[in-house]
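Straight from Swiss-Prot, the features:
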- M183, L184, H208, F209, R265, G287, Q296: ATP binding site (BINDING)
- 61-165: domain 'THUMP' (DOMAIN)
Amino acid sequence: MEFDHLLVRYGELTLKGTNRKKFVNALKDNVIKSLQTIEGTHVKGKRDRMYISLTEEADAQEVINRLTKIFGIKSISPVHKTSQELDEIKKLCVDLAQDFKPGETFKIDVKRVDKSFPMDTYALQRELGGAILQATEDISVDVKQPDYNVRVEVRMDGVYVFTQIYEGAGGLPVGTGGKTLLMLSGGIDSPVAGMEIMKRGVYIEAIHFHSPPFTSEKAKDKVIELTRILSERVGPIKLHIVPFTELQKQINKVVHPRYTMTSTRRMMLRVADIVLEKVGANAIVNGENLGQVASQTLKSMYAINDVTSTPILRPLVSLDKEDIVKKAREIGTFDVSIQPYEDCCTIFTPKNPVTEPDFDKVIKYESVFNFDEMVQRAADNIETLTINKDYKSEKDQNTDALIDELF
C-alpha cells in the first residue's frame, strides 16, 4: 500500500528548552536543502516532530535514504493519514493488513495525542484489531512479538497509521553548534572525526596540507573524495588545500630528525590558526587518538598544542582503532582512506620519532630559523574548493566532455 506522508522524529533536540524552536527550524532548513532536487515533497516542521507530504511524483525511497543521513533525526516512518472518523481509521488499518501474509501476527499500538478524541486508547485498539481480524484470514494477534506493529497516532489534524520505522542519524542539526576547521589528512581517522563532530550540530570546513611533488595529485584527489562523502550528510563543504612543501623541507633542514614530526604538526596548527580566523571558525578538529602514534602521546600533544590558544577537539581520542575502522566503514570513507597514496604526514617520517618530546628542545630547534613568513605564505596561497555530493574535478569534467563529443 502506497504511503502519502513521512513522519520524522527528532533526536536529542527534544531535550532542548526555550531554544528548541531554533533547533527545529535549523533541522527543517537542512531537510528542505537535502530534498530540494526531489519533486513532490512538502516539509512541515512542528515542535515535537516533522511531517513530509509526498505526491505521486516523489521518489519516496530516495527521500527516506536522504533523511536517514541528516543529523538531528532519530527515525523516519512512512505513514498514511486519514480523518478522525472511526470508519475511516478502520478502513485504513484493514487496507494495510492486506499486505500481511497468512500465519503472520500483529498488534495495535494507539497513541492518543488529541485527548478530545471520543474513544479511549484501549477501546480504539480493540475496535481496530477486531476490524483487521474480521477482514482477514489466518492472521492472529500477538502483543509480545508480532510480525507487524500497527501504530496509530490520533492528533488534532488527523490520524496517522504506520508499521515501519527507519533509524536516523541522531545527534543535533548541523549549523546549531557553530563552525570548526577539520584537519583532514586522508587517513582513516580524520574523516570519522569530522563526521562525529558534525553529529553534534557543528558545521565544518576542512584543511588539508599538500606537499607536491612528495605527495601526488592522487593523494589530493583522495581528500577531495573524502570531503565529498562527508558533504552527502550536510551539503557543500569548503576544502582549503595548503601548499606545505616549502615549510616541510625547511623543517627537515633545521630540526633534529626525531623531532621533525612534532615540528611539522606545530606548523600545521600555526597555518590552521590563520585560516580559522579568516573563515570564522571557533575550534580545530582532528582525528588524534591517544597513544596511537608518536605524535599522539600526551607529551606530544602538549608540545604541539603550545603554538595555539584555539580549542582543539579530538572526538576519537579514547576510541579503539577497531571502533574507528568500524565507523569509517559505516560512513563510507574506509575504502577511500586506505588507498595507497602518501600524505604529508607520512613522507619524511623519521625511523625513530620522539614520543615524549622535550619542550625546550622543540623551541631550540625551531629558533634556528624564523618560520613566521613561511607560515604566512602558506596560508596566503591556499587553494579553496567547495565540495558537494555531486562534485567533479576539472579533470573529470574534461573527461565527461570528451566522452560526450565522442558519442
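Just so you know, glycine gets a Cβ as well, placed from its N, Cα and C.
Counting other CB atoms no more than 10 Å from each candidate's CB, the binding-site residues M183, L184 peak at L184. With helix defined as DSSP H, G or I and strand as E or B, the domain 'THUMP' (61-165) counts 34 helix, 33 strand, 38 coil. Model confidence over the domain 'THUMP' (61-165) is summarised by a mean pLDDT of 95. The Cβ of G287 (ATP binding site) has 24 other Cβ atoms within 10 Å, all protein chains considered. Sequence-distant neighbours of R265 (ATP binding site) (same chain, 6+ residues apart, CB-CB distance under 8 A): S295, S300, I304. Just so you know, the Cβ of F209 (ATP binding site) picks up 27 other Cβ atoms within 10 Å once every protein chain is counted. DSSP assigns F209 (ATP binding site) to a strand segment in the three-state reduction. Across the residues annotated as binding ATP (M183, L184, H208, F209, R265, G287, Q296), the widest Cα-Cα separation comes to 18 Å.
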